[in-house]
Every structure is written in C-alpha cells, then in structure tokens.
Amino acid sequence: MNILLLAGGWSSEREVSLQSAELITSAMIEYGHTVTCLDPLYDFDKIVEVAEKQDVAFILLHGSPGEDGILQALLERVGCPYQGASPAGSLLALHKAAAKALFRREGLLTPKSVFLPLKPEVTWEPGLNYPIFVKSNIGGSSVNVHLVTNYEELFIAMEALFNAGEEVLLEEAIIGQEVTCGVIDDQALPPILIRSQGKFFDYYNKYAKNGAEEICPAPLEPHVLKHIQEYALRAHNTLNLQGCSRADFILRDDELLFLLEVNTIPGMSATSLVPREAAAMGLTFPELVEKLIQLAIRDHRK
C-alpha cells in the first residue's frame, strides 16, 4: 500500500515524533508498503494533494495539528483513511477539562480539578487541597506540568503558563502508584506500572532511557489489573475513540483508581509505553504498526 506518514509538526514534542517516524517507516517497509513522509511544519500545504493519492495515512503528530483533530478533518474531507480517533474524539481527549467532564458523567473517578482559561484575580482561591498539579490544559508528555505545595508556588506556576499563552488546569495530586494502559480497538493491553526517578512521570522521565522504571505487565493483583483494563476501555469508549489510545492513572493504596487523561496518539518511540504493552501480548513493533494500519482501513469502510 501507499502510506502517508505525517510526523514532526510544531508542538513541544516535535523531536519525539520525528524519532518515532524512523522506526515506523522501517516497520512499514518490512510489510512491503511504500511510505511518503511529510512534516506539517514545512509541508502543510502539500498534505491534501499528497493524501488524495495514498491508500492510508498514519498520523504521528503530538499536540496540534495531529491530536486536535485538524489533520483528521482534512484527511476525512479528501477520503483518505487514517489510524486513530476522529476529529471530535481527538479534540475532546486533548482538551483535558472537557475530557474530565465526560469521565465524571460516566462515573469514572478523576482527580478534583479547576479549569482556568484566563488568569484569575490575585485574591482568587483554587478550592483544592495541596499539593496541586498545575498543567497546560492542552498538551501531552507531561510538558508544562508543575507540582506546587502552597499559594505562592501556585501563582508562580500559573503565571508561567498564562504568559506562554496556555489555558491552565489545576488538579489535586493523588498519592499512589502511576499506571498506564493502552487500548487497541476493543482490547485493553497489559498495564504498565511506572516508578519515576523524579516527583512524577514528567517529559524527561518519559523519554530518557533511565528516566523511570516501567514494569510490564504491572506487578499487581489480577483483580486490580482487570479493573485498570476495564477503566481504560471505558475511557476509550466514553470519548468515542477508534484505533489506539492510552489512559494514564494513579492507583491509591486502597485500590481506588483515578483516571488522569487519555492520549489518542500514544508515543511510538523505542522507549514508549504502548509498544511495550503490545510486546507483552506477543506483538512485535512491525505487527503493531500493521494492525493499526488495517484498523484504519476497516474503520474508514464502516
């Protein structure tokens, strides 16, 4: 097949995307596909023309325009199948506050939070218990995440994000173990337990070779593993996602599971989580990529 691989872009995760593209290109060639790579940072105006001549597109862009539904909408308009979530599902998952509202509606536990699209007054109080995570409302890989323990730290962290033009999400920190679980189609993968070297699983820990200890399958009781997988599937379906997604959680000592967010374009680098979970199920990296391609074609035909 002729495949359009879209990688790079202009988000803070650009380099991760480009590194992953090399691995995915090799996997596609192994299955006999012909790959055309475009980087929207330089080739955005070529996407429509090239996509019309392809059998399928593979989106490997984090943030805009890959995870916010823009490329998905373009590809749908020209009739080119692509892997993963629809434009609506992509945008809902990327907008953390919107996703959390739907999770709560479906009875999925998620930490208490406050969404701030604009900078509040100096006298404003968050109404949350410290410590608090201060996050960019739109973004992934734990970029622009700060853990604060008091009011002064809170405003410094918020100021930095607002000055960068970001919307802010405040979230009560849950004390527990970090776990993550991928979903492919209607099947949850073996969860991973993450023991980070820092205070939390931030951008450095996620992509550095020795940044965190990631144990797969997670060494947890069978009923806990099943619960994590069920939650990941429910989150996937709540956002009406297709293809592959990855849900991130905090598991408290009392076994309460808190859903943090869902990623619609999980990392596909050498150290990424979903490829490791797929490997635990017996899927090689090329097999995983091929499965996502076949799902893209199937979903397009529905």
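From the backbone N, Cα and C atoms, a Cβ is placed for every residue, glycine too.
If you check Swiss-Prot, you get these features:
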DOMAIN    100-294  domain 'ATP-grasp'
BINDING   127-180  ATP binding site
BINDING   ASP248, GLU261  Mg(2+) 1 binding site
BINDING   GLU261, ASN263  Mg(2+) 2 binding site
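Taking the Cα of GLU261 (Mg(2+) 1 binding site) as the reference point, the closest of the binding-site residues VAL134, VAL148, PHE162, LEU169 is LEU169. In sequence order, LEU118, LYS119, VAL168 make up the list of same-chain residues 6 or more apart from PHE162 (ATP binding site) whose Cβ falls under 8 Å from its Cβ.
For GLY127 (ATP binding site), applying a Cβ distance below 8 Å and a minimum sequence separation of six or more within one chain yields VAL114. Comparing PHE155 (ATP binding site) with ASP248 (Mg(2+) 1 binding site), their Cα atoms are 26 Å apart once rounded. Put simply, ASN263 (Mg(2+) 2 binding site) is 18 Å from VAL134 (ATP binding site) when counted between their Cα atoms. The number of other Cβ atoms within 10 Å of the Cβ belonging to PHE155 (ATP binding site), over all protein chains shown, comes to 17. The two recorded residues VAL148 (ATP binding site) and ASP248 (Mg(2+) 1 binding site) have their Cα atoms spaced 20 Å from each other. PHE162 (ATP binding site) falls within a helical segment according to DSSP.
For the pair LEU169 (ATP binding site) and ASN263 (Mg(2+) 2 binding site), the C-alpha distance works out to 16 angstrom. Cα-Cα distance from GLY176 (ATP binding site) to ASP248 (Mg(2+) 1 binding site): 13 Å (rounded to the nearest whole number).
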